């Protein structure tokens, strides 16, 4: 159930209802009838709380929407919308949309002249954010019409989001005198410092590194990734993709720092000619997301190392635990597991999941996974010293601790051991050390056998994509002192590299038709392992497999399946090449079905996905309004009376 608007917002709504207001028209200049903001203007100070972080500090009246004073703007339905949009969209497109709206509501004024925002900025943001509006059944706001209120660069427009970019495009800091470019500062990094280091690293290694954002946190911080590849920014045929994620819990900071250090190390070692690093980055695309929860980190960092509580800063700014916020596909997997021919693969996200509160950070990760065909992943945590692997949710929900393996149990154990076996403290034989209670298990444990929980990121990776993800607990101190960071790096550098190199275990190849055309979304099955993976858009695939002999099958709708036997030697450290050429079936369309057809309970089976899984919409999280009733968010505007923003309704 939705909570009513807070008291301060309610007062704003009442004030808005009392103010005169005019309906938007279709005038070419935009806004209500009357004189639009003139080219010649009197600049006044911008004093609006919702727009206080705009890239300018002066505006003019009347505005583009014919608001003639600050009070008129504050009491308008457009301003109320900008004030609550952050909450309605659950952090998506924040603060970008708010700043874009401010550029129209209170236009920039400088040198006695009002300036309009750039059309291309509006169009790019509309394309990115329209799905978020569709998800809550809200129309795109009329005053963000890119053709009416925005102009082209040839007309002297400005970018209203320039301040956001300015916070990221930081000047390179000089190294302490006498230190080489490879010097690492073993220190905690604020958000701005983290961004600076990642961008400086990418600038040093432009031929192999690039930074990009996968979205924003609830409070509007970029979720910044640095990638390393021989061709950064592109997926290369049969080059496997790996992601490492830190700081999913804001107060578990060691992983954040390890990935910042790793980024600098990879760049430096590549430039220095390290054969190992050059081989790795020339054959692998590595993505590092040091902080998945930058908002939570700010809370934890405010207390500082040694003073941080066990949970302070753990959640994101919505008070959500991000590692409990992913769809619970494991329960669905267990529900279907009794079917004899059931094979796990891309288990569909249940529609009811979107009716709950889904963090923008969670959505960003899911969208990232749809965009890139990840093969291997690790999530870096803190609070213990152990490596865990899926499933994290017990196959008997009432059991708090119960061994609950995936069909790929052998491979997951190999992946976990690849990290633990080269970590000096995880291999320390003292039971009194941090993580000593896992010593008999080799510092490796099945997640549910440790403790069971739902909504975890690792289970979601396995059941909704081709990606195998493990969880690494880096130590018993969640926010270690600065002087401990060098030692933690020394303990984890080799395990991180060794783990990433594991992406080259198993087999890889291309599935194509008889004309050499790639077949995307073809299924790769392994006899005896009831978990399938699918081919990427280019027809390439990667199947992590333990050593031994395997029967591998490739099949796709409309083609005859192809079966091959492959043997993977125990010491083989590069994936074996196994290609498949599929021949079209020559008989009726009924034989195109993948195996025997079944009626799954509820009309959805483990493979009831869209034809192209990458195109499935994320964020359709609200039940549609029934019988023509108003959507749930309309309650935020009911106090506006006759001035309610009916232009937000789609009907």
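Glycine is no exception: its Cβ is also placed from the backbone N, Cα and C atoms.
What TrEMBL lists as signal peptide is 1-18.
Residues annotated as domain 'FZ' in TrEMBL: 38-160. Counted with DSSP, the domain 'FZ' (38-160) comes out as 53 helix, 15 strand, 55 coil.
Positions annotated as disulfide bond by TrEMBL: 122-146. Residues near residue 122 (disulfide bond) in space but far in sequence (CB under 8 A, at least 6 apart, same chain), listed by position: 100, 144, 146, 149, 150.
The active site, proton donor/acceptor annotation in TrEMBL covers 473. For residue 473 (active site, proton donor/acceptor), applying a Cβ distance below 8 Å and a minimum sequence separation of six or more within one chain yields 381, 382, 383, 384, 385, 386, 387, 388, 435.
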What is the total of other Cβ atoms whose distance to the Cβ of residue 146 (disulfide bond) is within 10 Å? 20
